[in-house]
Every structure is written in C-alpha cells, then in structure tokens.
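S.K.: A single structure is presented below for examination.
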Amino acid sequence: MTVETFKPKQTTTLDTPAKTLEAASTNAVTTGNRIGFVSLGCPKNLVDSERILTQLRIDGYEVTNSYDNADLVIVNTCGFIDAAVEESLDAVREALEENGKVIVTGCLGAKENQIREVHPDVLEITGPHSYEAVLKHVHKYVPKPEHNPFTSLIPQTGVKLTPKHYAYLKISEGCDNRCTFCIIPSLRGDLDSRPAGSILDEAKRLVESGVQEILVVSQDTSAYGKDKGGRTDFWDGMPVKQDITSLARQLGKMGAWVRLHYIYPYPWVDDLIPLMAEGLILPYLDIPMQHASPRILKMMKRPGRVDRQLEAIQRWREICPDLVIRSTFIVGFPGETEEDFQILLDFLKEARLDRVGCFKYSEVDGAVANTIAELISEEVKEDRYHRFMELQAEISAERLARFVGRTLDILIDDVDEEGAIGRSFADAPEIDGMVFINGETELEPGMLVRARITHSDEHDLWAEVVDADTQD
C-alpha cells in the first residue's frame with residue numbers, strides 16, 4: 001500500500017521454509033532429523049532466518065511444515081514495538097503447545113528474562129544474529145545427522161524465503177544512532193558493516209541465480225562503512241571503497257534492479273542521487289523522516305532542520321525527476337501538540353512524498369521516549385493518524401497519476417486467472433503499491449515487461465503490455 005500502518009504478521013510460517021526447500025532440493029536425502037521454523041518481523045530478520053536455514057540444510061537437517069513432525073521448532077522473533085513483542089510471544093506459545101521443544105532467537109531474544117517470565121519452558125534463547133549459538137543449541141537437542149552434503153543440493157545463494165526473482169541483501173548490523181523511540185541498538189548493537197567484497201560476492205551469486213531485484217537493507221543503510229575508518233576492501237581483484245555510494249555504484253553494474261532501503265538523512269545521501277539519474281540504481285529513496293516539527297525531532301534525537309530537508313528533496317528531484325521518495329512518520333509522539341502535528345501536515349503538503357507509512361506511537365519497553373514527556377491519549381493518536389492518512393492519500397493519488405500514459409518496465413510478481421501483478425521501479429515488495437496487468441495470464445513471475453500505464457488510484461497502477469519481448 002502507499003499509505004500504511006504497522007500490522008504485525010508472520011513473515012514466514014512453518015510452511016514457507018519447507019516449501020522453499022522442497023522446490024530447491026527435490027532430490028535431497030531424508031535424514032529423519034526435522035526442524036520447524038517460524039520467522040517474524042522485518043526483512044533484516046528474514047535474512048537472518050535464511051542464513052540459519054541454509055546452515056541447517058548444509059548440516060543435513062530437514063525443514064518441516066508440521067509441528068507434529070518436527071523434532072524441534074525455532075522461532076525467530078521481532079521485538080521492535082510492543083505489538084511485535086506480543087506477536088512473537090504468541091508464536092512461541094503456539095510452538096510450545098503444538099510441539100514442546102522450542103528455541104527462541106531474534107531481537108526479542110535479547111530480552112531473555114521477559115521471555116522466560118511468560119514461557120519458562122523454552123529450551124534455549126539467543127539474541128539477534130546469533131547464528132552459531134542457534135546451531136549449537138540445535139545440535140545439542142537434535143544431534144547433527146550423518147549425511148553426504150553433496151546430496152543436499154543447497155543453492156549457491158543459500159536458502160531464500162523470497163520469490164526467486166528478488167532478494168534482500170543485508171549490508172550491516174546494528175546502528176550508531178540513538179533515536180529515543182527506538183531500542184534496536186540495545187538489541188542489535190552498534191554499526192557493524194560487512195566487508196564490501198563479501199557483499200558484492202553475494203550480490204553476484206544472486207544475479208547469476210536469476211535474481212532480478214536486489215533490495216539493500218540494514219538498520220542504517222546510508223551509514224554503511226562508517227565503522228571501517230576509510231579502509232578499502234577488495235573484490236574481483238580490485239580495491240573497493242567501503243561507503244554506501246561506492247557500494248551502490250558497484251551493485252548497479254551487475255544488471256539487476258538495486259533498491260535502497262532505510263536511508264538515514266545524512267548529507268552524503270546527495271551523492272546517491274546521480275547514480276539514480278544515470279540508471280545505475282533505481283530512483284527510489286526510502287528515507288524515514290519520522291516527523292517535521294523541530295521540537296519533536298529534537299526530542300526524538302533526529303535531524304531537525306526541516307527547511308534543509310525540503311531543500312534537499314527539491315534538489316534531488318531536479319537532478320532525478322523520476323525519483324520516488326518513501327518515508328515513515330510517527331504521530332502521537334509523547335509531548336506532540338496540535339501545533340506540532342500541524343507542522344507535520346504542512347510538511348507533507350509541501351514535500352509531496354510518493355510513498356508514506358504512518359505509525360501511531362507505541363510505548364516500546366525500554367525506549368527513552370516513554371519518559372521524556374506526557375504520553376498522548378489513544379483518542380488523540382487515532383484522530384491524528386486518520387487526518388494524516390487522509391491528506392497523504394490525496395498526495396499519493398496525485399503523485400501516481402503522473403505515470404498514466406507512460407511506458408514503464410514492470411517486474412512480474414504473480415499471475416492469477418485475472419492477469420499479472422507486478423511492480424515498477426516505484427514499488428518495493430510488500431510495502432508499496434502494485435501494477436495490475438489484466439488479461440495477461442501467460443506471463444510468469446520474474447519476467448520483466450514493458451507496459452503502458454492506463455489508470456491509477458492512491459495506491460496502485462493499471463497497465464497494458466506494449467512489448468511482447470519479455471526478459472526473465
């Protein structure tokens with residue numbers, strides 16, 4: 001959707017990993033050592049799940065979609081906001097009731113006491129990106145099977161829980177910022193960037209396997225390499241600078257769509273826009289702004305010069321007219337007055353952002369923001385949320401209407417009896433809109449087609465294929 005709020009959901013269930021592995025490895029040898037897996041939360045957590053599942057398969061374990069058939073269940077949790085914590089605890093409860101042997105990992109795992117208080121019978125608890133610890137615990141309770149690793153047929157890219165034509169590429173862990181509404185640094189630690197060579201190796205394998213779109217994710221993507229102290233890495237026999245602009249430039253040469261998510265508004269974001277104008281990476285900028293009132297931004301410990309942000313948006317659009325800007329905002333932050341909220345609405349009117357997500361402030365356990373000002377009532381938060389949504393829906397409809405009559409590349413995600421469903425450069429999977437191509441039932445997921453946009457609303461586009469020559 002173009003304008004959305006947080007709706008907690010399981011990213012993957014017991015069923016998804018099993019089907020993914022079955023499709024990738026139909027000739028795998030049955031070992032009898034079966035693991036169930038539930039993954040919750042954001043794309044960064046999904047990447048962690050993929051890594052754990054890959055190593056489990058390398059070690060010879062099967063992944064099952066049945067609690068009854070599993071020797072043990074792993075639940076990879078989310079702990080970002082209270083709704084996510086509740087969902088994670090519910091998933092652990094279900095796994096305990098249906099199976100009884102459960103290992104908990106992920107962000108909520110960093111709060112072991114909180115989990116033990118509710119579910120004292122879980123076998124083991126680890127924090128986020130504790131891959132080795134998770135596998136060690138699995139080996140303890142379900143002995144590593146004897147098997148020939150060459151019969152597992154694990155793809156070179158590892159296990160992926162996304163469709164074959166797109167994949168998330170995580171470039172770092174942790175975050176050095178200390179936003180008062182966020183507890184991620186306490187869960188995942190400070191910034192820890194992956195070596196550039198390792199990232200580019202993974203990206204190359206993904207593209208060679210048929211991935212058409214690489215979605216770059218981390219807690220703070222634009223900070224990539226700040227912790228490297230200016231040191232270069234090597235890839236393909238050549239030195240590579242370890243900063244987000246250099247990394248994006250290299251990724252853009254690989255022949256796939258490259259989409260950047262979670263860009264903190266640092267000054268050097270300006271350097272990414274020419275790469276978008278040149279077509280090296282998608283002209284799509286996911287840049288969470290959170291608010292527009294200088295007073296609230298200061299309380300959030302976020303950049304507070306809204307005038308500079310508006311100037312930057314204008315400058316970016318002059319350099320790259322096709323630029324699509326996605327952002328997220330929080331309404332009902334502690335101490336937010338009606339005047340503060342009106343400043344936010346005025347900012348939306350002037351900025352004319354393309355894609356916007358809205359969150360009603362949630363009291364995250366351990367967040368500094370809970371104690372810095374008077375909490376806003378649920379009634380006021382709900383009212384401001386709906387006013388925000390109503391305004392942004394009008395803006396989104398206006399921004400999408402500019403595509404009508406244009407011919408765009410559309411990446412097909414799904415095909416049903418009514419036609420094909422895809423996305424343009426303006427649409428990230430799951431969070432943005434879709435492009436509906438009615439009647440085109442012969443297309444297949446992963447195809448890239450040229451289509452003329454015929455209609456739009458505040459969320460989605462409709463199109464007709466104009467070029468029968470497709471690429472897959």
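Count begins at 1; order follows the chain as displayed.
Every residue, even glycine, has its Cβ placed from backbone N, Cα and C.
Checked Swiss-Prot, it gives:
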- 33-143: domain 'MTTase N-terminal' (DOMAIN)
- Cys42, Cys78, Cys107: [4Fe-4S] cluster 1 binding site (BINDING)
- 161-398: domain 'Radical SAM core' (DOMAIN)
- Cys175, Cys179, Cys182: [4Fe-4S] cluster 2 binding site (BINDING)
- 401-467: domain 'TRAM' (DOMAIN)
S.K.: Can you see whether DSSP assigns Cys107 ([4Fe-4S] cluster 1 binding site) to helix, strand or coil?
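M.R.: Looking at the DSSP assignment, Cys107 ([4Fe-4S] cluster 1 binding site) belongs to a helix.
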S.K.: Per DSSP, what is the residue tally for the domain 'TRAM' (401-467) in helix, strand and coil?
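M.R.: Split by secondary structure, the domain 'TRAM' (401-467) comes out as 1 helix, 35 strand, 31 coil.
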S.K.: Would you kindly give the Cα-Cα distance separating Cys175 ([4Fe-4S] cluster 2 binding site) and Cys78 ([4Fe-4S] cluster 1 binding site), rounded to the nearest Å?
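M.R.: Computed Cα spacing between Cys78 ([4Fe-4S] cluster 1 binding site) and Cys175 ([4Fe-4S] cluster 2 binding site) is 16 Å.
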S.K.: Just to be sure I understand the packing, how many Cβ atoms besides its own are within 10 Å of the Cβ of Cys107 ([4Fe-4S] cluster 1 binding site)?
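M.R.: Other Cβ atoms found within 10 Å: 28.
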S.K.: Of the residues in the domain 'MTTase N-terminal' (33-143), how many are helix, strand and coil by DSSP?
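M.R.: Helix (H, G, I), strand (E, B), coil: 55 helix, 22 strand, 34 coil.
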S.K.: By Cβ count within 10 Å, point out the most packed of the binding-site residues listed: Cys42, Cys78, Cys175, Cys179, Cys182.
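M.R.: Highest number of other Cβ atoms within 10 Å: Cys78.
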S.K.: Applying the rule Cβ within 8 Å of the centroid of the Cβ atoms of Cys42, Cys78, Cys107, what extra residues of the same chain belong around the [4Fe-4S] cluster 1 site?
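M.R.: In sequence order, the nearby non-listed residues are Leu40, Gly41, Lys44, Asn45, Thr77, Gly79, Phe80, Ala84, Gly106, Leu108, Pro128.
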S.K.: In the same chain, which residues outside the set Cys175, Cys179, Cys182 have their CB within 8 A of the centroid of the CB atoms that define the [4Fe-4S] cluster 2 site?
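M.R.: Output for this site, in sequence order: Asn177, Arg178, Phe181, Ile183, Ile184, Pro185, Gln219, Asp220.
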S.K.: Round to the nearest Å and give the CA-to-CA distance linking Cys107 ([4Fe-4S] cluster 1 binding site) with Cys179 ([4Fe-4S] cluster 2 binding site).
M.R.: 17
S.K.: Round to the nearest Å and give the CA-to-CA distance linking Cys42 ([4Fe-4S] cluster 1 binding site) with Cys179 ([4Fe-4S] cluster 2 binding site).
M.R.: 18
S.K.: What average pLDDT is reported by the model for the domain 'TRAM' (401-467)?
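M.R.: It averages 94.
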